[in-house]
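Asks: Let me give you the structure first, and then I'll get to my questions.
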């Protein structure tokens with residue numbers, strides 16, 4: 001059930017939350033951890049409870065990694081299509097977790113899957129968001145060679161979201177991988193051009209350029225920190241904010 005969070009007013013009306021498929025694994029090496037799904041559903045429910053409209057894009061890396069198969073000779077387009085199907089599986093699992101918490105949710109797929117998901121339709125997605133449904137966008141952009149990060153930024157622009165929130169395993173963007181370099185320093189704020197110039201690897205080039213060209217703010221944060229998502233939505237300074245530079 002969507003939880004009411006008293007006394008906290010949202011800064012954003014509509015967000016696009018990007019989750020990695022790996023985030024759904026929890027402590028496992030593969031697949032989906034039901035406890036992680038339930039926790040994420042609870043946090044998303046808190047946002048719905050304060051009137052925030054939530055669009056969601058989930059990667060597929062917990063179920064399928066095309067890089068190794070591509071290196072072994074698999075056709076890239078075939079691998080990308082398999083990856084798209086993995087994102088649909090994750091979307092269905094998340095919808096189930098949300099609905100078990102009495103949070104209405106809809107899965108839309110960029111690839112037609114009659115009887116399994118709704119086909120992606122921008123106007124229909126916005127109507128559902130306006131009624132308080134969580135809309136899960138799956139199958140990426142529907143095209144090979146585009147990442148789910150690019151899909152998240154594209155959908156955010158299409159539905160006129162206020163911000164893209166990218167959930168990761170670390171609490172923002174660093175000068176280097178903080179798991180490998182103990183001297184890595186965290187950025188609190190960056191411009192799109194700084195991300196590109198420094199080759200920080202927050203998202204792929206296409207995704208960052210989409211956000212830059214359409215002035216879509218992007219915040220990178222640690223989804224494993226309890227309450228971080230809600231704190232961002234009510235105006236907290238979690239993680240790293242990436243936005244247009246000041247003229």
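Each Cβ is built from the backbone N, Cα and C atoms, and glycine gets one as well.
It should be emphasised that the depicted structure is a prediction, and the values quoted were computed from it without experimental measurement.
In case it's useful when we look at the structure, here is the feature table from Swiss-Prot:
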type    : residues                                       : note
BINDING : 18, 19, 20, 21, 61, 65, 168, 174, 177          : ATP binding site
BINDING : 60, 80, 141, 142, 143, 144, 145, 146, 147, 148 : UMP binding site
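Just tell me what is around each of these and how deep it sits.
Replies: Within 10 Å of the Cβ of residue 177 (ATP binding site) there are 10 other Cβ atoms, across all protein chains. According to its DSSP assignment, residue 177 (ATP binding site) is coil.
In three-state terms derived from DSSP, residue 60 (UMP binding site) belongs to neither a helical nor a strand segment and is classed as coil. Within 10 Å of the C-beta of residue 60 (UMP binding site) there are 26 other C-beta atoms, taking all protein chains into account.
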Asks: Measure between the Cα atoms of every pair in 60, 80, 141, 142, 143, 144, 145, 146, 147, 148, the residues the record assigns to UMP, and report the largest value in Å, rounded to a whole number.
Replies: 15
Asks: Validating a neighbour-count step here. Other CB atoms within 10 A of the CB of residue 61 (ATP binding site): how many?
Replies: 20
Asks: Report the largest Cα to Cα distance, in Å and rounded to a whole number, among the residues 18, 19, 20, 21, 61, 65, 168, 174, 177 that the record lists as binding ATP.
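Replies: Per the listed residues, the maximum Cα distance equals 25 Å.
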Asks: Out of these binding-site residues, 141, 143, 147, 168, which one has the fewest other C-beta atoms within 10 Å of its own C-beta?
Replies: 143
Asks: When you rank 18, 20, 61, 168, 177 by Cα distance to residue 145 (UMP binding site), which of the binding-site residues ends up on top as the closest?
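Replies: Going through 18, 20, 61, 168, 177 one by one, the closest to residue 145 (UMP binding site) is 61.
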Asks: Around residue 18 (ATP binding site), which residues of its chain at least 6 apart sit with Cβ under 8 Å of its Cβ?
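Replies: When sequence neighbours closer than 6 are ignored, residue 18 (ATP binding site) has 56, 57, 58, 59, 148, 149, 152, 164, 165, 166, 167 within Cβ distance under 8 Å.
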